[in-house]
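So TrEMBL lists these for the protein:
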COMPBIAS  308-322  compositional bias 'Polar residues'
COMPBIAS  323-335  compositional bias 'Low complexity'
COMPBIAS  568-579  compositional bias 'Gly residues'
DOMAIN    34-150  domain 'Nucleotidyl transferase'
DOMAIN    446-534  domain 'EIF2B subunit epsilon/gamma LbH'
REGION    308-370  region 'Disordered'
REGION    536-579  region 'Disordered'
Amino acid sequence: MPHAVTIATPGLQALILCGPGSSFPTFTANPDENPKALLPIANRPMVWYPLEFCYRAGITNITLICPPSAKEAIDSALKTNPFLTGLPLPRPDLLAPEDLDQNTGTAEILRLPELQSLVTSDFLVLPCDLVCELGPEKLLQAWMVKSANLGDVLGDSRTSQGKHSGGLSVYYQTKSETPIKGEETEFIATVPLPSSSVLPASGSLFPHLSKLVCSMPTDTLKDTLEDKKGFPSRHDLVEQHPKIKMHTTHRDAHIYIFPQWVMKFVKENDRLETIGEDVIGWWAKASWQKGLSSKLGFDEFLALPVEDSSSQHGGTNSPRGETTTTNTTSLETATQKLSLNSTPAEEPNQVVTFKTPKVEEPNPMESASKSVEVPPLLAYIHPTSTGTPAKPTPIIRRVDTAQLLLQISLQLAKLPSLEEIHDTTNPPSPYCHARKVAYPEGVKPRTTISKSDSLVADNVTVSEKTSIKESVIGANCQIGEGAKLQGCLLMDGVVVGKNCKLTKCIMGRRAELGEGCSLTGCEVQENLLVEAKTEAKEEKFMSSSGLEATKEELDDAYDEGDDDEEGSVGGEGSGSDEE
């Protein structure tokens, strides 16, 4: 069901990175035909969630980035999948750079020529495995108020006063009611933002914003503590920020709001491989570590651009070839852009007036000794206990493992359907389905389906004496007589035989279970047949297709073995003759 666009965000681009899905070996063994971006979360394709997030934010300039090998599958899904075709217009673009493969880092993706020419404004970076129920307009508002610069937003460097827009990243707590064992976490250190005399509005994200000063994977922190027998801290950090708060159980949601200059930062520093660990980590350090900003090139790509505007604005050229404006034309233009009316006011504003500062020729030696101010990098720490039963805390999670795929799918299945919601005071979740059982005609009598925590998609047939509790059933599935499903995720086209018992299992597309199977905590690959009466626990059923040796390979192996045997016999004979 498409959702209405709630806010206009002119000029902001969105990049959705569609990775290979190496953390789903059971279901993405062939990433070209079954890319990670198309795995279902609560019966919707995974990539639907970040796309819907962008449309809710009013962002329509959206580009999906994927390897060339996965382009055909994703392009086909964008044209045929009913959930993806039901999203608002315009459709997202699909970009598959030639040099992008399954091992390319996220920062390396931004460095590709196709991306460098694509990004022409401030932009948003999202992973394809993001599920974010939080209103994106709140994140954009927080970034614009606390980190964005007027000159960068308006595209006029003369109004920036030497400062530039910063960035914003999002983190969430992994120690939830149902934690996932072994889930990745980040070590982040934050400092409070300057206090404001104005109280934030109800529902604002400002109380949960802070400045990020350090970020690294928790595994890296543990290795550092083990090697150095303690946590090394620099005096620069403690001197500048005496109040530091450290988090070790939060995870990077990979939601980044970046200004356009970040593309230059990534391009100039070719050692940056990933966004989360390298771009964010080095940017946070550069804000307080002396000399680091110059080493990373901030002085160069944050310098005011040279513009051929002296004839229009009466500027004078500095020794470095930059143009210095000596009138208020740019400020007047900026004021007109922010005005609600299309024509400027006839009389000058009596409350706010702009004065042209005295322009002095810069001293080259003095300029060289000073580094530019590193734009702030903000961190939004998503709270965990602000919700109520009537209005729970919005979900923010990455779904990049099979355990998370099952957990988040079952969590979303507990949301009430649109036909069940009668309270109009609180808006429903954007992830609510229209109906819990999309095709009730396919359900036979004498069956038990727990609608409060289950989802049954279109064209599903359920035979008699079947029990389905806390499960998600994909489209075109067939559930045999007497089957019992508890806490399971079935993708499209799965066939479950009679009297099967499944508990906490994930079944790939078009997988088939023979009669009488009993599986607990298992994963079954797509198009795989599990023989009848199979009993298993915590196993992964995967096909060996493509691993068998061909007849030619077997013949070659036998020939090589015969040659080796003849060579060894000949050697022994020649040795005996010499003796």
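Backbone N, Cα and C atoms are what each Cβ position is placed from, and that goes for glycine too.
Distances, neighbours, how buried they are, the whole picture for these features please.
As a whole-number mean, the pLDDT of the domain 'EIF2B subunit epsilon/gamma LbH' (446-534) in this prediction is 95.
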Using DSSP, how many residues in the domain 'Nucleotidyl transferase' (34-150) fall into helix, strand and coil?
53 helix, 19 strand, 45 coil
Could you tell me how many residues in the domain 'EIF2B subunit epsilon/gamma LbH' (446-534) are helical, how many are strand and how many are coil under DSSP?
3 helix, 34 strand, 52 coil
